[in-house]
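Engineer: Straight from TrEMBL, here's the annotation block:
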{"type": "ACT_SITE", "residues": "Ser142", "note": "active site, charge relay system"}
{"type": "ACT_SITE", "residues": "Asp280", "note": "active site, charge relay system"}
{"type": "ACT_SITE", "residues": "His311", "note": "active site, charge relay system"}
{"type": "DOMAIN", "residues": "62-317", "note": "domain 'AB hydrolase-1'"}
Amino acid sequence: YIPPLIWGKSGHIQTALYGKMGRVRSPHPYGLRKYLTMPDGATATFDLFEPQSEHCIGEDVTMVICPGIANHSEKQYIRTFVDYAQKNGYRCAVLNHLGALPNIELTSPRMFTYGCTWEFGAMVNYIKKTYPQTQLVVVGFSLGGNIVCKYLGESQANQERVLCCVSVCQGYSALRAQETFMQWDQCRRFYNFLMADNMKKIILSHRQVLFGDNMKKPQSLSDADLSKLYTATSLMQIDDNVMRKFHGYSSLKEYYEEESCLHYLHRIYVPLLLVNAADDPLVHESLLSIPRALSEKRENVMHVLPLHGGHLGFFEGSVLFPEPLTWMDKLVVQYANAICQWEKTKSHCSDTEQPVSGQE
């Protein structure tokens, strides 16, 4: 990865540019929005984008994509990636995190949380049933990386028809990250504040459903929690006062312990690509020992760690102005292409092998 000459080696600028702009000159891929009713009454939505060309192996392959925290299919970095994947012959299904779309009202007193896989699983099951011949490439960005890895590790059945999984810029363990995210080193405490402020706005936009007079709302969610939400200055405070209660966790520690993908990674048997940047200001370097150790033990796991890129940045460009397409976009698609070619080669070899009868 060769970052832009003037500013590309600053993880803060890369992260700020991603956070402010997402991507530059982003395309506008056309997709259809699908609605799925969950068992608890929640309405999950995802956007479906059909391929714009034939895939390199000539088969039906769908990318099932989980965006970052509070993100959805209309974010520019998602649009840019989807457009590139479509042009490479992939169908794309992009989950819209529950409560993240400003024009979609909640239909139950629950929002997306750090490790809840229910909506992503419902989207994947829809794709499997609707396209029985398709194979899947699973992709997760940041918080979405935690969700997709946890989903695959939760059940062996979840890995059926999955060619590979790619996780980009996740932290692997919220419990371990909790302390580092409150430190001022690399301005993480400041990023924490900004992300918490954004989360507060989203939660408050659904205040009536989440905190109103609703018999279905979690009994532990009260007006006192709403008051604490107003004064919260970190994601941890929001998770402790609101988010963990959607799933009935008794403490923040239990919530982070159970919802992190850390304890599920070793149960993933499909090819797994874990991507981080060494200068990501949100992910402390101590957390990178998790994917590093896993890749040393498991043949199906590859950990990619460029020196630069920030958090979901990875912009490319010669000097000053970044290109619309990033190194991250290319990496995910090229890795998926390589796995698809490898799987087709394996299948072809097994089909052409003839049994040899033994001689007496």
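Numbering starts at 1 and runs along the chain as displayed.
Just so it is clear, glycine is given a Cβ too, placed from its N, Cα and C backbone atoms.
All annotation found in TrEMBL is predicted automatically rather than curated by experts.
Could you tell me the structural context for the features on the list?
Structural biologist: Within 10 Å of the C-beta of Ser142 (active site, charge relay system) there are 22 other C-beta atoms, taking all protein chains into account.
Cβ contacts within 10 Å of Asp280 (active site, charge relay system), excluding its own Cβ and spanning all protein chains shown: 25.
Packing around His311 (active site, charge relay system) is summarised by its Cβ count: 25 other Cβ atoms lie within 10 angstroms of its Cβ, all protein chains included.
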Engineer: What's the CA-CA gap between His311 (active site, charge relay system) and Ser142 (active site, charge relay system) in angstrom, rounded?
Structural biologist: 8
Engineer: For the C-alpha pair, I'd like the distance in angstrom between Asp280 (active site, charge relay system) and Ser142 (active site, charge relay system), rounded off.
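Structural biologist: Cα-Cα, rounded: 11 Å.
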Engineer: Quick one: average pLDDT across the domain 'AB hydrolase-1' (62-317), no decimals.
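Structural biologist: Averaged over the domain 'AB hydrolase-1' (62-317), the predicted model reaches a pLDDT of 95.
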